[in-house]
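**Student:** Okay, here's the structure, questions in a sec.
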């Protein structure tokens, strides 16, 4: 009986690990500052955040790549906000992504900053 329970746990472990991922939409605030415009605006949007199933092999072959999965945008739209106080001739708009859905997938370094999120600066800087 003990052997059967152990075998069942080992069989279900990968399935349960994948089921416990928590990649999904998260509400975030973004602060945008333009020195020439002399102002700072903060607005809310949605991004993708959470955990994805990943594993790291003990033996690594130089013939095989080992991509890790991250919580990435699946569907996205872009919205634009108006930057107040800008002099004429300046770009008065800031365009940003809004996540509609998320998925666990390999991070595309061509279009995404795949590094850790910088949480040290939470708003606009004062000079």
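Glycine is treated like the rest: Cβ placed from N, Cα and C.
Among the features that Swiss-Prot reports, signal peptide is placed at 1-22. The disulfide bond annotation in Swiss-Prot covers 23-71, 37-86, 40-124, 48-102, 52-104, 107-114. What Swiss-Prot lists as N-linked glycosylation site is 27, 44, and the listing cites sequence analysis.
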**Student:** Near residue 102 (disulfide bond), which recorded positions out of 23, 27, 37, 40, 44 have their CA within 10 Å?
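**Tutor:** Checking each Cα against residue 102 (disulfide bond), the hits are 23.
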**Student:** Measuring Cα to Cα, how far is residue 86 (disulfide bond) from residue 40 (disulfide bond) in Å?
**Tutor:** 11
**Student:** Measuring Cα to Cα, how many angstrom lie between residue 44 (N-linked glycosylation site) and residue 71 (disulfide bond)?
**Tutor:** 19
**Student:** If one measures from the C-alpha of residue 23 (disulfide bond) to the C-alpha of residue 52 (disulfide bond), what distance in angstrom results, rounded to a whole number?
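**Tutor:** Residue 23 (disulfide bond) and residue 52 (disulfide bond) have their Cα atoms 6 Å apart.
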**Student:** Are there recorded positions among 27, 37, 40, 71 that sit within 10 Å of residue 104 (disulfide bond), Cα to Cα? If so, list them; otherwise say none.
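**Tutor:** Checking each Cα against residue 104 (disulfide bond), the hits are 71.
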**Student:** Test of understanding: give the count of other CB atoms lying within 10 angstroms of the CB of residue 44 (N-linked glycosylation site).
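**Tutor:** Result for residue 44 (N-linked glycosylation site): 9 other Cβ atoms within 10 Å.
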**Student:** What Cα-Cα separation, expressed in whole Å, is found between residue 40 (disulfide bond) and residue 52 (disulfide bond)?
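**Tutor:** One finds 34 Å between the Cα atoms of these residues.
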**Student:** Listed recorded positions are 27, 37, 48, 52, 107; which of them have CA atoms within 10 A of the CA of residue 71 (disulfide bond)?
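**Tutor:** Neighbours among recorded positions, in sequence order: 48, 52, 107.
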**Student:** Could you check which of these disulfide-bonded residues, 37, 48, 52, 107, sit within 10 Å of residue 27 (N-linked glycosylation site), going Cα to Cα?
**Tutor:** 48
